[in-house]
Amino acid sequence: MDPIREGEVAHEGDSVYTLNDFTKLEKIGEGTYGVVYKGKNRRTNAMVAMKKIRLESEDEGVPSTAVREISLLKELQHPNVVGLEAVIMQENRLFLIFEFLSFDLKRYMDQLGKDEYLPLETLKSYTFQILQAMCFCHQRRVIHRDLKPQNLLVDNNGAIKLADFGLARAIGIPIRVYTHEVVTLWYRAPEILMGAQRYSMGVDMWSIGCIFAEMATKKPLFQGDSEIDELFRIFRVLGTPTELEWNGVESLPDYKATFPKWRENFLRDKFYDKKTGKHLLDDTAFSLLEGLLIYDPSLRLNAKKALVHPYFDNMDTSKLPAGNYRGELELF
């Protein structure tokens, strides 16, 4: 539990922190961007998550563009976005200090019993809160790009928060994480898988669709082990896209005319529990999912539209961290 040695450079901000202001307690994980430690703010005694960012070119130091971009993320203050409290540079290393939450959505789902599903009201509440956070960030032109259950953190009061916003653009997504585990493709939008150079907020909406489906079934919807396998798993469930439903798909760099032509859509079958004979998503929930998994990114539901989908009509928002926020810019 030794204090970290004095940082030479601290972030600019209201309270200037150095690494000496934090005590490392234990390593809690290895994320997409490097090692994560549980730590303590020695000024406030609050628990924090300390991310030591692994940079591809450590010998060259931290790119100033990355520091600038990351510093902007301190402005993303929303009750459903994990707060970035400080950006600290030490030599050529970068530490990001975040508020601490001990549990992520994946661990929460993993500890449910074998035949136990997420309660329907929790499924709805979590989905709504994820969309609230996404809408807030998208309106500020920040795309997540690497959304998955591991970077959705939950607390004991029914809140869910998005972590690692904007880091994909600031740092880039590595192919592998620290442990040489391949960064998951299961939540990646088809336009990225087919090599689109320019993409939009729609990539996050696709990821939310995949996460919504997984919260309902406890199983990843498209569990590919390579980019082409991921793509074909999507095609097998939704049908292979054509120019008819996705204008421009055949012009994408990695589109191949030789792709197998699956024609049927089997999405509904994924939500049928054979044991109980029940559908895990009702018609309005399924309609929201279909809107999030539209192939053409320009037709895919955006976060603001998703927040007013009929699925959320009877939503009790009184106890949610961001209340009834549905994309009104002036709220935060």
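Placed from the backbone N, Cα and C atoms, the Cβ positions cover glycine too.
According to Swiss-Prot, the protein has these features:
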- 22-312: domain 'Protein kinase' (DOMAIN)
- Thr32: phosphothreonine (MOD_RES)
- Tyr33: phosphotyrosine (MOD_RES)
- Asp146: active site, proton acceptor (ACT_SITE)
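In this structure the C-alpha atoms belonging to Thr32 (phosphothreonine) and Asp146 (active site, proton acceptor) are separated by 9 Å. Separating the Cα atoms of the residue listed as 'active site, proton acceptor' and Tyr33 (phosphotyrosine) is a whole-number distance of 11 Å.
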